[in-house]
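Reviewing the structure listed below.
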Amino acid sequence: MTAYLLGRFVSLALSLVAASLVIFLVLEIVPGDPASFMMGINADPQAIAALRSQLGLDEPIHLRYLGWVAGLLHGDFGMSYTYRVPVADLIAERVVISLPLTLYALALSTIIAFPAGIIAAARRNSATDVAVMGATQIGVAIPNFWFAMLLVLVFSINLRIFSAGGFPGWEAGFLPAMKALTLPAVALALPQASILARVMRSSLLDTLHEDFMRSARAKGLTRSQALWRHALRNALIPVLTIVGLQFSFLLAGGIIIENVFYLPGLGRLVFQGITQRDLIVVRSVVIVLVFAVIAVTFLVDVAYAIADPRLRRHGR
Amino acid sequence: MTALSVSGLTLAIHGTPILSDVDLTVGAGEIVGIVGESGSGKSMTALSVMQLLPHGSQWSGSIKVAGNDVGAMTETELCGMRGRDAAMVFQEPMTALNPVQTIGDQVAETIRIHTGTGRREALALARQTLDRVGLPADRFPLDRYPHELSGGQRQRVVIAMAIALRPKLLIADEPTTALDVTTQAQILDLLSGLVREEGMGLMLITHDLAVVAGLADRIAILQHGSVVESGATRDVFAAMRHPYTRALFSASAHVPSRTPPPAADGPPVLAVSEVVREYPQPRRGLFHRPPRFRAVDGVSFEIARGENVGLVGESGCGKSTLARAILALDPLDGGEIRLNGEVFSSAGDGPRMTQRAGVQVVFQDPYGSFNPRHKVRRLVCEPFHLLGSPPRGAELEARMLRALEAVGLSAGDADKYIHEFSGGQRQRIAIARALIIEPSLIVLDEAVSALDVSIRAQILDLLAELSGRLDLSYLFISHDLTVVRAITDRVMVMKAGRIVEEGPTTRVFEDPQHPYTRSLIAATPSLAAALAAPADRRAPSGRRDA
């Protein structure tokens, strides 16, 4: 187990180094000079050159990469070209919205998907199964921004239960903040829950056909005992993979939903960074997202090892 | 008391008749063999008793387990019966256990669900049961997972799960078909011992007459869902009233008539010298070099033109790795393989693609070795791409027809898909595919192991005839010694990556020199030996001697 985790950890570190290099190089190739963008179209070339040296853009590329990485290790992401504030501060104030929103959506998705998938698989071809599969089909098909607007229409404008957008900040209290995140979380969770429920169902159905399920029944277990005791844990591996992927997707992919609900999250920050050639912000947000994705992948790997003893090769 | 009595059992699945009017009894302490070919309804009889039939099944008749009428039981009562009064052991030990649960928990589960004892007590009982089936605590602690055990050891765990509560009836559905001969002998010994000592009734389902002949008190022979003949084992085999019994018997002992290979002239078809194949094993630590496992360890042999050579050994002995090396599917780690005198594959140099046409292969699984979306025409002609200038048009058609006709198929079969054929026909198509580019050597890797005895006899005849007519050489790899004995001129016995004995087939079987060869031969169930043994003997003597 230790060797397995150590191995995963080394691969995590290597992935981060590789990712930082790729991110840095790709953004170097991207056309558009931040300095000339900031100074406007009619700027004096000398002023642009001065700004470039002020921003450190005239240094050799490898020094800039090393400087950036060294800064990252200290938590210093550099200064935003356009906002003129430390990027770390910008990211910090966005992460406190995006991360809770992601976790909220993921929790909702799992809470809906697991029971739905399990019931559908246990009662295959029944009316329940057909209903669950039909509902998930719709859930996958509906664009989430449209569903978000529908939620606003029903719960904010007609029923006046939730506000239509904005975020009061965590200093306003836990419950008001969570309330503000509820509609976005539901909008984000619906398609994810639909996908997850389908994966859960098919994975469980595959497992139900395994030979050891027949052994379990021959022992005298009822159908549902066999499902809970033997099928579920075996069916979990592919489901965990999807949950890991969904986390990564939700963290950065919430940009449209953030726009619908006027939430100042990471997605909006990176979008603004791209349009304003604030490449240092883009770079920093992307590396933070990469780190999150790699960290979650690591957690999923740990979960695999817990769920499946065959991965713990050197356990004893 | 009768462990099981079945009378007038008739079963249909989705309207298709599967069993008709099956009568069967298994007494306490008695072993009853159920013999038949695939599709005869053996397994469905067992699943009817356990009431674990697939959806859409409709049955009638009477099934009594330990005197209780199964048909009158509710689902809850059935769950109480399964595992406690009647237990079952299945064919495939590799997949019959839950991979994510320890063996202790899986055996204890049988005890816990039926008796409601606590986990600790159930585990203590599970320990005793595992000891009973030959898995002692020092080597097989309760917290082992199935993947840490071999096939035979897993089958012992499955048996422990089944016998933990000392059921009246034990059903074993092909319990040793997936196992090596020596492991098979041990498992059969274990089962018969349990039956005699615990007074269980054992219903032993098998396609292998030799297994039941040496073990069963009574047998029932099933064909197309009906019992065609039943009675005391010796009587049934002595009289063989039903033609199907006679057919089964002769197919099981079938030896194809073969012409001896011509005197060898020119270079051998295959010359393997000092071949080594190694696999890297999982790393022990992050900074350690992964250790290497030597699967084939300095093997040398030759096969002459027209010669049929057998390669036998237990699973894991390296015979399939050697076969892959001979087919040049894997690079060598040492040594050299020559095909018709030319270097085909050598360490460091890799296989020569251009020579692949000289050697073809037929695999075990007649279902998995074809692309289901291609027609037979395309499947059979596939090897032509190995030739520099493949035949086209009329010549292609003629050669395809010749290959199909050589294996007993007709022109009309060329435009069918593979699912339209039975297992035996598929294996014929596999042979046609191997023959079509006229190789000098065909590697037959367990090529008849998945087939029923009657089909197996036909395929063996076909192989013998082709070899004689076309001067083909075979490397016949099998764990089934009976088949190897029937079809080969020379045999090699492989153990732990090395060939431990080699010689003319008759000599090796009649006068084995190496202790390992002797133990293999002794463990092989023999129909003739079992029937020739004294009538009062209850367990097969060959196995006891081993």
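Glycine is treated like the rest: Cβ placed from N, Cα and C.
TrEMBL entries are annotated by machine, without manual review.
According to TrEMBL, the protein has these features:
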| type | residues | note |
| --- | --- | --- |
| DOMAIN | A:95-300 | domain 'ABC transmembrane type-1' |
| TRANSMEM | A:6-30 | transmembrane segment |
| TRANSMEM | A:103-122 | transmembrane segment |
| TRANSMEM | A:134-157 | transmembrane segment |
| TRANSMEM | A:177-197 | transmembrane segment |
| TRANSMEM | A:235-261 | transmembrane segment |
| TRANSMEM | A:281-307 | transmembrane segment |
Which sequence positions outside the transmembrane segment (A:281-307), separated from its termini by at least 6 residues, show Cβ-Cβ distances below 8 Å to it?
1, 4-5, 8-9, 12, 15-16, 19-20, 23-24, 27, 68, 72, 77-78, 80-83, 87-88, 90-91, 95, 233, 236-237, 240-241, 243-244, 247-248, 251-252, 266, 269-270, 272-274
Is it the case that the transmembrane segment (A:177-197) and the transmembrane segment (A:6-30) have 3 or more CB pairs under 8 Å, with pairs at least 6 apart in sequence?
no
Using a Cβ-Cβ cut-off of under 8 Å, list the residues of the same chain that are 6+ residues beyond the ends of the transmembrane segment (A:235-261) and lie near it.
98-99, 101-102, 105-106, 109-110, 117, 144-145, 148-149, 152, 164-166, 183-184, 187-188, 192, 195-196, 199-200, 203-204, 206-207, 267-268, 270-271, 289, 292-293, 296-297, 299-300, 303-304, 307-308
Near the transmembrane segment (A:103-122), which same-chain residues lie under 8 Å Cβ to Cβ, leaving out any that are not at least 6 residues past its ends?
128-129, 132-133, 135-136, 178, 181-182, 184-186, 188-189, 192-202, 204-205, 208, 223-224, 227, 232, 239, 243, 246-247, 250, 254
